[in-house]
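Novice: Can you keep this structure in mind? I'll have questions shortly.
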């Protein structure tokens, strides 16, 4: 009984809770960015958080950086990398105007993603013996889940998701256009900063905890939008629930489908998400063509 309790409490429970927290964070971040950019194809990594996190994690792995107290150096460096990428995207986009237009932030994030990906490739070429560890991390997984990881990451995820939720009502207006938002007295600059900061913070904490898990921030918001509608006060909690369940189910499949081998969660979510993305892209293209 003691062994079963230890397995359940020390291994299974933190993994389940972290899976749900990661899924919820990615989904809220995805929904926030979709409203921010007025683009249903936007995801939590749209302004470079994933590439910054990947570079940070790779540096921690190849340099064999020690943990800081109970916090893994890989998770910490991934989180810092994601925040640095987000900060740089904001800084670069300001050259296009103040407040910067959404497309400027999108282009800055795309450019930074390409730059960080190039640096990551360079590191892997130079330190090829660490390629397997870095590549496995990039595919996402919850194999290193612990209560420490949960306690350090979840408050940041909650803070980020909370910032997005605070902006949910004016975000509904922003979707109708900047001119409409300005005419109703909304501070568009503050609103954009609030949404992008909150979404980036939630995504950074999720990536630092579980690596890069693709498509969750795309699938869950769209599925929940069909059920509860586009109102963000209803959509964000629903997307959080949908994302939590999606990552939890993906983790169970990843652990059992090829047991005793554990697959990265990113493989499972990509298998589900890629067809979903293609259908979404097809529908959007057909809609624009009519």
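Every residue, even glycine, has its Cβ placed from backbone N, Cα and C.
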Novice: Can you say which of 45-69, 170-194 is given as transmembrane segment in TrEMBL?
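Specialist: Checked against TrEMBL: transmembrane segment maps to 45-69.
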Novice: Which bits of the chain, at least 6 residues beyond where the transmembrane segment (45-69) starts or stops, bring a Cβ under 8 A of a Cβ in it?
Specialist: 33, 37, 75-86, 88-89, 105-106, 108-110, 112-117, 119-120, 123-124, 127, 130, 133-134, 137-138, 196, 200, 203-204, 207-208, 211-212, 217
Novice: Relative to the transmembrane segment (76-96), which of 147-167, 201-223, 235-257, 263-282 accounts for the most Cβ pairs at distances under 8 Å?
Specialist: 201-223
Novice: Check the transmembrane segment (16-33) against the transmembrane segment (263-282) for contact, please; criterion is three or more CB pairs under 8 Å, pairs 6 or more apart in sequence.
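Specialist: They do not touch: fewer than three Cβ pairs between the two stretches lie under 8 Å.
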